[in-house]
Amino acid sequence: MRGIILALVLTLVGSQKFDIDPGFNSRRSYLYNYEGSMLNGLQDRSLGKAGVRLSSKLEISGLPENAYLLKVRSPQVEEYNGVWPRDPFTRSSKITQVISSCFTRLFKFEYSSGRIGNIYAPEDCPDLCVNIVRGILNMFQMTIKKSQNVYELQEAGIGGICHARYVIQEDRKNSRIYVTRTVDLNNCQEKVQKSIGMAYIYPCPVDVMKERLTKGTTAFSYKLKQSDSGTLITDVSSRQVYQISPFNEPTGVAVMEARQQLTLVEVRSERGSAPDVPMQNYGSLRYRFPAVLPQMPLQLIKTKNPEQRIVETLQHIVLNNQQDFHDDVSYRFLEVVQLCRIANADNLESIWRQVSDKPRYRRWLLSAVSASGTTETLKFLKNRIRNDDLNYIQTLLTVSLTLHLLQADEHTLPIAADLMTSSRIQKNPVLQQVACLGYSSVVNRYCSQTSACPKEALQPIHDLADEAISRGREDKMKLALKCIGNMGEPASLKRILKFLPISSSSAADIPVHIQIDAITALKKIAWKDPKTVQGYLIQILADQSLPPEVRMMACAVIFETRPALALITTIANVAMKESNMQVASFVYSHMKSLSKSRLPFMYNISSACNIALKLLSPKLDSMSYRYSKVIRADTYFDNYRVGATGEIFVVNSPRTMFPSAIISKLMANSAGSVADLVEVGIRVEGLADVIMKRNIPFAEYPTYKQIKELGKALQGWKELPTETPLVSAYLKILGQEVAFININKELLQQVMKTVVEPADRNAAIKRIANQIRNSIAGQWTQPVWMGELRYVVPSCLGLPLEYGSYTTALARAAVSVEGKMTPPLTGDFRLSQLLESTMQIRSDLKPSLYVHTVATMGVNTEYFQHAVEIQGEVQTRMPMKFDAKIDVKLKNLKIETNPCREETEIVVGRHKAFAVSRNIGELGVEKRTSILPEDAPLDVTEEPFQTSERASREHFAMQGPDSMPRKQSHSSREDLRRSTGKRAHKRDICLKMHHIGCQLCFSRRSRDASFIQNTYLHKLIGEHEAKIVLMPVHTDADIDKIQLEIQAGSRAAARIITEVNPESEEEDESSPYEDIQAKLKRILGIDSMFKVANKTRHPKNRPSKKGNTVLAEFGTEPDAKTSSSSSSASSTATSSSSSSASSPNRKKPMDEEENDQVKQARNKDASSSSRSSKSSNSSKRSSSKSSNSSKRSSSSSSSSSSSSRSSSSSSSSSSNSKSSSSSSKSSSSSSRSRSSSKSSSSSSSSSSSSSSKSSSSRSSSSSSKSSSHHSHSHHSGHLNGSSSSSSSSRSVSHHSHEHHSGHLEDDSSSSSSSSVLSKIWGRHEIYQYRFRSAHRQEFPKRKLPGDRATSRYSSTRSSHDTSRAASWPKFLGDIKTPVLAAFLHGISNNKKTGGLQLVVYADTDSVRPRVQVFVTNLTDSSKWKLCADASVRNAHKAVAYVKWGWDCRDYKVSTELVTGRFAGHPAAQVKLEWPKVPSNVRSVVEWFYEFVPGAAFMLGFSERMDKNPSRQARMVVALTSPRTCDVVVKLPDIILYQKAVRLPLSLPVGPRIPASELQPPIWNVFAEAPSAVLENLKARCSVSYNKIKTFNEVKFNYSMPANCYHILVQDCSSELKFLVMMKSAGEATNLKAINIKIGSHEIDMHPVNGQVKLLVDGAESPTANISLISAGASLWIHNENQGFALAAPGHGIDKLYFDGKTITIQVPLWMAGKTCGICGKYDAECEQEYRMPNGYLAKNAVSFGHSWILEEAPCRGACKLHRSFVKLEKTVQLAGVDSKCYSTEPVLRCAKGCSATKTTPVTVGFHCLPADSANSLTDKQMKYDQKSEDMQDTVDAHTTCSCENEECST
């Protein structure tokens, strides 16, 4: 039994676990070795890094109550700045000395069961030392669970309470325990972090952990030893990694790696004693930031005696930046900012007394103080403003910058509020606006850091709002609401509701723009309390009584609150029942734009909008530009987690044709954060009235009173309220409104007065002229602190890891302008004197801008800094020193400036990345290592092959101790340069201008780490530099001046001749025009440009110079490179030229518009045709000569000769022997010229192709039969085919796949099979149709049989071409003198040294306007020229081209715009051709071309791969309706097309007219299109018989009651400019009579015996050949067709036409929303067209028409109808109660004593009362029109009355 018990005891003991919670024995001391290091840099090896290493011995001894003492012995600090891992750490005695001073004393901490409690240290211990101790003790922190070996929990540590995972392994044999603890620093309940400058960046509602830029983790490995006395930690190692990926690239990251190692060395049996020094409790392990953050990690400066340091630094800045920015100016400015943060108010006051009388010192000091943002600097600035020490501009800049850069805390808020309410600020409205907006931003930043915003912070703005609404001050209301919007606090919600009509009845009188501001102020509040805000906004949106603009802004703000599906569905339901089309269009377009969003965090809203859109009508998607819309575009790059969004809100007003408000905003999101970058809004009210206001006294006309009296006869009619003119704009940056402006009526009138005021009385122009005459001189420098972004987290060592970005901008302008007038101006001069004077201006301008940005990552403490810095700077200088002479009378301008004496850097951009180390012990000494060292190893794929000898030699050289010296020999650098060639990039491009002695160069130097990882970060690392430099260039003669002269007008021709031959100036003035013309042609070299002669220039292929500098030099011959891509174009041109007609100068017929695809296909198949058929001998001779000529042209043109031969053979077979021979000679002599310039042959290619097409059909019928089965041509319409065709024509069908509409000409055999016919009649894609030019209709082809048809047609075309060529000169100078001449040249010893000459010819008064521009080199030896020509050839075609090179023949780009028909619709085609362009231009275009398909896809285009002409692009736009068009874009290898593209406005598209009915000349689209579009926008109202079409294009039928005038249309504004009344004329319903009251006239028109009689003011006018003009009223009346036309544009009637049956009225655009009557309001509200005079909507057209009838007094007029409320003649039951009902709107009834002979049913609303209720009141007393509508019923309205016993009232 005893044995059994002993065994059980042993078993239980063996199975029992030791207590594995670590701890220390209070009776012993423990000695540990500690080492911790941090390194910052990229994750790749052999790159520069910076870091620090701390090593020491730790002694831990026990105290009672689980307390222990920690003593840090022998601390050593080492720095690292070099290439990792090559370079070693270096000991820093200075930092060691500083750190040792705080570790000489003891620390105490609490420790129990593996958990660290409170930490105690001496009271004056620096925060840095306490945090380092926290990092050490953090290694002892453990949470052990005895029952689990793997578990997770949220654990407190130095970085906060974060997610930790434990894995425990036990080694019982050796009594060891191994614990692994990993901490996820991205998943923390309470993360220790501090950010500055990020208050306006808010997180996306997505998986934030996945999207973060910075990520971190820590791993701990523990070794524990178990013993009888407990478990002891013997070894701890930790490794922490923080990485930042600026571009969200997986491998493009910068890394901070920290390591810790703790090893137990010795355990002693001794006990610690309590320290004698008082200890302060510093809290737990949680890292604590110091009260004042360390200075910016850009430099370390001494903080003692900041006053002296600030003065010294300011002196250095001012003295070293007089003329230009010094290299260290940004660092010096940042130093002043840092010192100002340290200084107190007394220091700043002392400094101010020293520099207050020095303007330059003041400016730098005020800028630095504004950027400091501390409590002391804010006090200092408040004193300056209170004492009026600053002028207005300084106060404005200082207040704005200070408040927006202020550090918001509980100390700065009261001072900022005091500054805002100071008397100096309150006196000036602009200063008050800036101060209030700035203060509200301070409140926003402060409250974003706290859970509850204090009431005291909001009270100043709330008081402003209360005062504004109590006094009715609109300006204060606007300011208060914008400030509330900036703050974005829910506590302000009650104030906002006071401005909205949903909760305040008095708010209905508040202007609309104030209500809109109140709604936009809810946006930020909705981020904190979305449910409440959404409830108010949906009420506003659903309330149809509110103004549409207010409701639309409510919709916009709702979607900013990220509504759920239910709310979005509610919005769609509101829009579905909406009668206001502006609101419906806005809601629909907003939903549709959101439904297409690609942003991940918008997915829920996007999908909800997709669902809600299905509830709405698709017709809302086709609304025109008159309706409000939301335009939204966003993009997102998932690889980089970055996106951008742009939104434009277009809000239209019913009272204008154009938007009344436009709001545009740009947002960016990256790594789970979103920022509203910029938002701009513009609102316009009543501006059209101010602009269109005429000095016409409408109220003084007699018709004004008549119209006003007639209005009283209408039930409830009121004039439209006068719209208060207002122009407002605002600017938001990062979601905060920083400025806004309101321009009221008075200011608008003042501006308009200044604009329209005669120049002689314009004070502004006089002031400018006087200022120039008195000279302007000054210098201005303004530094601007753009802000800082700082993000700090603790590392496991206890050192802070900081990410930061700092940007500084400095602007400078030195101006000196002197002016002189000849003759001198008097004191009170008139502006007309300037037109007779010669002005000389001498100016010296030196503007410059410097922007410096630094991004850092690393350790930043007050004692040392070890970080990675990326520095970027951009500096621009634009010195301009010139003398100008302006002679307005002679239209001459001459500018002279100095040549390039020295190198001037216009733009310089630099970018560098370094590893930087600084410490407080060595101020001014900075260790820097480039992140990308010069000897960084290459990728293995870039390593060059080395021989064994060289390799061994290099290996031997590396064995020495100095094998990696920082200074290398020249040879080694050369080897390095060769070895690093692939990562170093260098490029220089210079544009030399020898004639002015200058060259403009662009240089780029780049060396990056992309060879390691191809990421944006690696491309950013290294050194980059780009410059644009103006440099002198060597010339034969020293240039003294550069002169630019511009001569306009009639003297331009003489000036050109004088420039070349100065002696001929006198004789030129008396020379005849022909001589001057001949001289100009000779000077410009026109003959050599345009002639097609036997001898042409042979381009020489010069060898290209190898080097990095590419010279594009004016005046020198460019390289004549013949690439493979250009040879195809040359061959096309050559083949077309070789087959030209007998006359070499014959021009291309204007109506021969052959598709270039057909041309290309013909050129391809001509060779096959020549191989399959026998050619004539003449064609062989022609092709042989053409081939030889092509071979001489260039080596790469050989491929074009075969095409030339084949084309020539098919062409020559169509001519007789004589023409064939001459054609051969012509092609032989000119093929060389044409192969290099397609322009020379383009004029004859089309006609020759036509000839070839017709003739080859006779010569190659056999080949056509053989190729008939290859045809793939599809046609629609009627097919007219011939019995045979040439193979060339056949090949056009099956290669180009052209599809024709209308009467399509089939070139194939007419015996097609049924399968082919099924394809023909099938549906075609839009890109398969062929564009048909309109001018073919002007000269149609004649279809005559046989050879006779060809002969007659060719002769007709030839004669037409001859006459057309005679009337269309190649050189415009043959009929016109130049309108402008410009000369640029250098001057040496008062002699001109050549240069450039620009000449412009223009013929704008012709039916076919044309402009020609010639740029020539004035150097005799140069033939370089540039020619440009733009012209309208006829009513349907406009062309333009640019040619340049030797005599304008080397390169060419041309474009063409043609109108015609496409797929049966009117269309326009734009064609762009580039036969030959320089290689650099081609490379840029090819780069841009890569983005075209993607952009087209995003725009909704479909694409199809196809082989199109390689050097041509064309776009066809076909109008399928007034609001839609089809678009086809054909590029060299792709076709993009889209059908039914919506147009923003309607275009005038008439019905399709058959081609046979088109008469020449067809409509001139180029001259009349703009005016036609504008005319189409104007509204028209028409009445014909019983059909009425309103201004809003609503059509309805209405039979007018007899003898009663209706208000057809009138001006309902307060001006009452006109009134048009209409009634039926007699018994005939189709005849009408009208009465017009306008100005001082009353005009009647009525039909009599089939003619229209005209009475003006009661006097009858003759009916034939009438033309009445009333100058006083701007009124015109004349005969038109069978009636009269009236025009009074100044009174609001563009045109009124009346012929007795039809009335048509057209009003101008500015009358939108101002009309009323049966024609409607002209407000685009089609659903609200039946608007009655009282403002309510009628239920049908009949009630609508009746409401606009004018009642007449009994027995005084022909109209016997009047309106009265009626009682329903039956009893109805409502809710079970018998009721009697009365109409809520009046119904037409015959007058008393009259009986109705005709009636019409109308639907009327009724208000019901109980049947037993007494009703003794009259209709007027009851006011039924103000009662609610209980039911609807139909009653009869009287339309015709018989009055035998009419009662006439006295």
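Placed from the backbone N, Cα and C atoms, the Cβ positions cover glycine too.
Predicted, not measured: the structure shown is a model, and the values here were computed from it.
Noted from Swiss-Prot: Cys1719 is disulfide-bonded to Cys1581, selected from Cys1525, Cys1581, Cys1848.
Look at the Cβ of each of the disulfide-bonded residues Cys1581, Cys1604, Cys1719, Cys1755 and count the other Cβ atoms within 10 Å; the largest number goes with Cys1719. Rounded to a whole value, the Cα-Cα separation of Cys1755 (disulfide bond) and Cys1719 (disulfide bond) is 29 Å.
Between the alpha carbons (Cα) of Cys1581 (disulfide bond) and Cys1604 (disulfide bond) lies a span of roughly 20 Å. In this structure, the CA atom of Cys1719 (disulfide bond) is 17 Å away from the CA atom of Cys1604 (disulfide bond). DSSP classifies Cys1581 (disulfide bond) as strand under the three-state reduction.
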